[in-house]
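Now, the feature entries from TrEMBL:
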TRANSMEM  B:12-34  transmembrane segment
TRANSMEM  B:54-72  transmembrane segment
TRANSMEM  B:79-97  transmembrane segment
TRANSMEM  B:103-125  transmembrane segment
TRANSMEM  B:132-150  transmembrane segment
TRANSMEM  B:162-189  transmembrane segment
TRANSMEM  B:219-241  transmembrane segment
TRANSMEM  B:253-271  transmembrane segment
TRANSMEM  B:278-299  transmembrane segment
TRANSMEM  B:305-330  transmembrane segment
Amino acid sequence: MKLKTTLLASVIACAPMAVLAADLTIGFSQIGSESGWRAAETTVTKQEAEKRGITLKFADAQQKQENQIKALRSFIAQGVDAILIAPVVATGWDEVLEEAADAEIPVVLLDRTVDADKSLYLTAVTSDLVHEGKVAGEWLVSEMNGANCRIVELQGTTGSSPAIDRKAGFEQGIAGHDNLQIVRSQTGDFTRAQGKVVMESFLKAEGGENICALYAHNDDMAVGAIQAIKEAGLKPGEDIKIVAIDAVPDAHKAIADGEMNATIELTPNMAGPALEALEAYLADGTEPAKWIQTESKLFTAKDDNLAIFNAKKDLGY
Amino acid sequence: MSSPPVGPRPSILKRIMPQLLILGVALALNVAVFPEFFQIDFRNGRLFGNLIDVLNRGAPVALLCIGMTLVIATKGIDLSVGAVMAIAGAVAAAMVVEGHGWGTAVLAALAAGGLCGLWNGFLVAVLRIQPIVATLVLMVAGRGVAQLVTEGKILTFDNPGLIHLGAGTVAGVPTPILIWLALAALVTFGVRKTALGMLIEAIGINERSSRLAGINSRVLLICVYLVSGLCAALAGVIVAADIKGADANNAGLWLELDAILAVVIGGNSLLGGRFSIIASLIGALIIQSVNSVILLSGLPPEFNLVIKALLILGILVIQSPRIGNFIYLLRASGPQPQPEPPHSTQEEAAR
Amino acid sequence: MKDTPTHPMPVLHARGISKFFPGTIALDDVDLRLMPGEVHALLGENGAGKSTLIKCLTGAYRRDAGTLMLDGQDVAPGSTADSQLLGIGTVYQEVNLLPNLTVAENLYLGRQPMRRGFIARRRMNAQARDVLAGYGLDIDPAEPLTAYSVAIQQVVAIARAVEMSGKVLILDEPTASLDRDEVQLLFGVIRQVKARGLAVVFITHFLDQVFEISDRATVLRNGRVVGECLLRDVTQRDVVTMMLGRQLEAQVKTRDTGRPGKTLLDIKGLGKRGMIAPFSLTIREGEVVGLAGLLGSGRTETANLIFGAVPADHGQVLLRGREIGLRNPRDAVAHRFALCPEDRKIDGIVGDLSVRDNIILALQARQGWMRPIPRAKIEEIAQSYVRALDIRLASLDMPIRLLSGGNQQKALLARWLATNPDFLILDEPTRGIDVGAHAEIIALIEQLRADGMALLVASSELEELVAYSTRVIVLRDREQVSELTGDQITPDNIINAIATEDAA
């Protein structure tokens, strides 16, 4: 309900400003709304366009590549100034990207990349999964400050690239610090329910007092694990340090409540850097780098998590 | 005129003995990988231990397999229970988020589950669609319905009453354990103290004969799918309450297969007929014990599915008729082809 | 065929065969001599040991004692495949062929004529046609087996067994599901096989057939041989006496013309398009109405229509003068109707349920699941019917499918009698059951009629219909063609009614 109202509000707010600015018209082909993060990305993209006075033409592809290709062709036919696309798959884009290039419409990839010639798109704005894990590991290293720490890890879905990369990044982050040791690592399938179940078994297998920290590949699993820790009579955030990735609103709330220690943001704001690069390119032809890496920002108790929670909670997460 | 010998009725213990033995082995495996497996503490106002976890985490599958046992006894199958869990969880969450009490929310979730069950029952009993196809409809569509209710996100709530059903305790015992035990007792009592159990078995064994004997097979079929839907709804509420949120994408995902597996491990035939809810429940606990072995073993998650597959395969092989015969022969020594049917007192022993 | 007692050389001679199952002696010192070129009937009530003996001969069971000589050689077949190679072929009631293959493929399965590594299909079909022609069968062997009737399938099975084995042919209840003409077809084939010098073992419940086709009989009772006899020297009564070990009381017809009873059921123009032409029928209390007619004449359809198993599309049924609706069996049961169906296995028993549950099933269904019959009451009902109908079983807990045919039938009767019906429909109540149970069921029908019940009995056994019917309705081509009453009821009259084209 809230999501709809927000969207409606932003559309209404958007309309007159766009007419005033009337400078740029940009098409945005979104994959769909399969997750909360995706919904937040859509909301933020609309907000970023509105902020800059850009007219955004939005197309939801409902997880289908052919819908995205159709949307791109329609954008080209309408003669938009630029195109943002979050591609649903990596392959099969060459033809439509060439059509865009022929029409001299720059294309920016959001969140994911494609297997196509780099000259066919202006730049790609994505996060770095390995880097996210590394930030989490480095945070724990500094937090422990040399003290011994037995870590349990909740992995993402076995075999998925976020699970592999975030695990590798974390291991890089703690490499060379023998006081930190991963003692148990098991998959929680990126879900709250499994996060809780697996944490329960960690607590029993290791003994809750022998676990010093939890690293979860996403916040959902961490939120589930927090409940397991509480039910075991321990204080999450104190007895067991918790660091996870994504920075969804519930994680900020948990940090504000002192039940979680840190989360690394996978920002839904891919559009901000993308639009910035586009504006510069369209204004004076400044070529951006081929890959714009979004910031993997670390949030801890030092930040005003309650305020961030309130700001984020209506983004559609 | 000979009066038939009044032998002892086949005892429940004898029926569930194979399942109990396998459960024993599964628990022993747990002890092998984690010696303190049976240790139970009282911590933070609740019983705390791996055995409690097995009982608690087994709750969704245990609840599902109660209904599934009845459905399978009628020669049917209900593939939709996982999706129905997602719907019920979503409905309960949406209700408390909109400010209703937890009681109303649970009733609404049960109503949603019941409706799903009636729909399946209608397709199977009235339209005579094969159960596997009929319930596939809801299995596929149900999750979409749940996502409509949650608007695609994890619908979180903090209603203490509802949360209590999943994460709370009563006298130290986690509530889900009490819920599935109570429902199992209720349903077992309901089918065995009334004639329902026998009539359901009769339909599953020979529906034509049952109909000709005056059994209202249509109503009974709808009933078992209704019960299955209600069990799934309860499981869905518990799963949502456990994580204080309704996750339409993941709640109950693939649990229909675990529930069917539990019924099969419980020694109930997929071809319908004689059933034992208790044996199915032990089957559910066996599955959960296997999950527990995997978690406690500390092996990397890449091995999870392989280990589970091997253990389940082992269980099913041990239960297969051929192996069963082999074990019987080892015990009874001397080949035992089926004796000629009439008036031999050996029938019972030979089976 | 001349049979001299001095002829010393049986094809197959089993001596002192014994087979034990824990706690029972299934076969006790059994001898069996099979002469070449004879049809040898193996007789006995269900449970006498016929099947066990056959299984010991064919290697399906391992015998615990005794010797088996084939053409004077000691043999010990370890499996049915072994015995086939030795020369002993078996054909069962349920044809054990592959229905989706062609007739020729079934005939030659496993030993197809080959040509350059491929099956020589044309040659195989031609050979099959020749072989079957030898049995007086002119069919296309390239057609799938299912294209033909059970009788023809039986003949194919026999032809296969004879071709493969060629010394002894065992026929286990081959005629159980065949009609009169088909039985004659089969007998023609058996005579051919006999003429070729094979020994044929014939197992059946139909004594008429035994006397028609067999030369000699061995009678078993309780696992022992009671006697071996040349059938031309004995009467049916002698054989029955040997089988039962007691004198079967003659079925003396005591037609009770006294009380006609009140009209119970008045059926007016009941029918269903494409199934049975509308018919009218009045049934009074204390009378047995027989339904006669050939297979497919509409006997079963009539029974099913009156019971609501198939809803009628026109006509009405009046029960004691009041119209009732019969949309399904539940309606019928609620009005105290009962139906013992023709096909026990498919429409009658609930195989895996205990005998006890099967007996109370209809009563419980009528009461509804909310009102379970108390356990003590169930026990009382089950026990009393087991005693009254002499149902032989090891325990009331045993699944009903383990009972013999006759005992299953009695248990089904018990199921319906337990509902205390006013109107009992029996469809082929004596099919496929042994002689003893046969007589008991006929006596029971008499008894129920005398007690004032109204019965409708469909049967293909004319003698039987004549014995118990107060009236006989004759059906032909799904229409009622005749009604016989009183002294008109004789087998000849029924046959005439069935056979004569409607002249009126």
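Each Cβ is built from the backbone N, Cα and C atoms, and glycine gets one as well.
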In contact by Cβ distance (the transmembrane segment (B:278-299), the transmembrane segment (B:54-72); 3 or more pairs under 8 Å):
yes
With a Cβ cut-off under 8 Å, give me the same-chain residues at least six positions beyond the ends of the transmembrane segment (B:305-330) that come close to it.
18, 22, 26, 29, 261, 264-265, 267, 286-287, 290-291, 293-294, 297, 299, 336
Any contact, the transmembrane segment (B:162-189) to the transmembrane segment (B:219-241), with at least 3 Cβ pairs under 8 A:
yes
Counting only CB pairs under 8 A, let me know which of B:103-125, B:132-150, B:219-241, B:253-271, B:278-299 has the most with the transmembrane segment (B:79-97).
B:132-150
For the transmembrane segment (B:278-299), sequence-distant contacts whose Cβ falls under 8 Å of one of its Cβ atoms, 6 or more beyond its ends:
12, 15-16, 19-20, 22-23, 26-27, 29-30, 33-34, 37, 50, 53-55, 57-58, 61-62, 65-66, 68-69, 180, 184, 188, 258-259, 261-268, 307-308, 311-312, 315
Same-chain Cβ contacts of the transmembrane segment (B:219-241) under 8 Å, 6 or more residues past its ends?
59-61, 63-64, 66-68, 70-71, 73-74, 76, 78, 80-82, 84-90, 92-93, 105-106, 109-110, 112-118, 120-122, 124-126, 162-167, 175-176, 179, 183, 187, 196, 199-200, 203, 247, 251-252, 255
Given pairs 6 or more apart, does the transmembrane segment (B:253-271) have at least three Cβ pairs under 8 Å with the transmembrane segment (B:103-125)?
no
